[in-house]
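Asker: Attaching a single structure in structure tokens format; questions to follow.
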Amino acid sequence: MAYSNQSRVTEFIISGLTNKPELQLPLFLLFLGIYLFTVLGNLGMIILILLSSHLHTPMYFFLSSLSFIDLCYSTIITPKMLVNFVTTKNVISYQECMTQLYFFIAFVISECHMLAAMAYDRYVAICNPLLYNVTMSYQVCSWMVGGVYGMGFIGAAIHTFCMLRVVFCKDNIINHYFCDLFPLMELACSSTYVNEVVLLSLSAFNIFIPTLTILGSYIFIIISILRIKSTEGRFKAFSTCSSHFSAVSVFFGSLAFMYLQPFSVSSKDKGKVSSVFYTTIVPMLNPMIYSLRNRDVKLALNKLFQKKKFHV
């Protein structure tokens with residue numbers, strides 16, 4: 001009741017990545033390049049999989065879903081950040097902030113579980129190839145992807161509902177480059193205890209469960225790879241798995257650094273740097289990592305270019 005007589009915040013000011021004017025233009029150009037690369041890479045991957053009939057398999061169904069998620073949550077964050085680099089007052093309304101928060105959380109949680117689903121798919125393909133078509137049927141894959149999005153949007157709804165209960169009074173400067181949970185909680189003039197408990201609980205679930213699934217899958221995959229008699233075959237398999245595992249490690253490592261710590265000890269500036277990895281760097285790298293050494297993707301690209309040449 002004490003908050004009813006105080007003026008409520010109707011808009012926030014986003015401080016951005018840095019307050020140094022001389023860095024605004026270089027950072028704008030850098031992140032514009034990253035975003036364009038992200039859009040082209042992920043959109044290109046989705047279109048390529050849709051147009052290539054031999055890529056209509058569970059593995060590429062998951063990969064196209066991952067590309068869609070990367071495209072969505074980088075688009076939720078980066079365009080607004082780019083605008084903020086070239087404007088003097090970086091304002092976002094309360095409603096826009098909560099909307100950005102909701103969709104960002106939804107797609108980040110979805111990515112966590114999508115990576116786990118992809119790791120499980122690779123485990124079945126390598127360790128149980130004879131049962132692959134039965135285990136990873138179209139119906140099973142559809143249910144898995146539906147479950148991934150379901151967990152993402154339900155988790156986001158819980159976080160956003162908790163944030164809507166928080167009262168913001170005078171302070172409205174978000175020390176971040178987008179509307180995220182910790183920076184918003186720092187501005188609250190009401191208790192955020194429930195938010196902190198929910199954040200730590202859901203973060204632990206959405207980071208640890210997929211991480212354990214991925215680790216378990218890769219352990220069995222590595223055991224299978226070690227049984228390959230060909231040295232060249234083992235090297236190719238290890239190099240592919242290591243690149244996949246590196247991308248997953250960067251994503252989950254930066255998420256864990258940001259969210260798996262008490263609110264009281266969270267570092268503001270280090271949090272910004274950590275956020276850059278999972279909001280901009282990983283979505284840009286994923287299309288390259290999952291397709292660079294992929295023979296099927298290269299074959300699909302060659303066929304697509306040959307069709308274009310033939311029609312010309």
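From the backbone N, Cα and C atoms, a Cβ is placed for every residue, glycine too.
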Asker: Of 144-164, 165-185, which range does Swiss-Prot call transmembrane segment?
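Answerer: Swiss-Prot lists transmembrane segment for residues 144-164.
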Asker: Consult Swiss-Prot and decide if Ser191 and Val273 are found on one and the same side of the membrane.
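Answerer: That holds: Swiss-Prot puts them on one side.
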Asker: Is it possible to get the count of other C-beta atoms within 10 angstroms of the C-beta of Cys189 (disulfide bond)?
Answerer: 16
Asker: DSSP says what for the topological domain 'Extracellular' (165-204): how many helix, strand, coil residues?
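Answerer: Going through the topological domain 'Extracellular' (165-204) residue by residue, I get 17 helix, 4 strand, 19 coil.
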Asker: Of the listed stretches (100-120, 144-164, 245-265), which one yields the highest count of Cβ-Cβ distances below 8 Å with the transmembrane segment (205-225)?
Answerer: 100-120
Asker: Per-residue pLDDT averaged over the topological domain 'Extracellular' (266-274) comes to what?
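Answerer: That region's mean pLDDT is 68.
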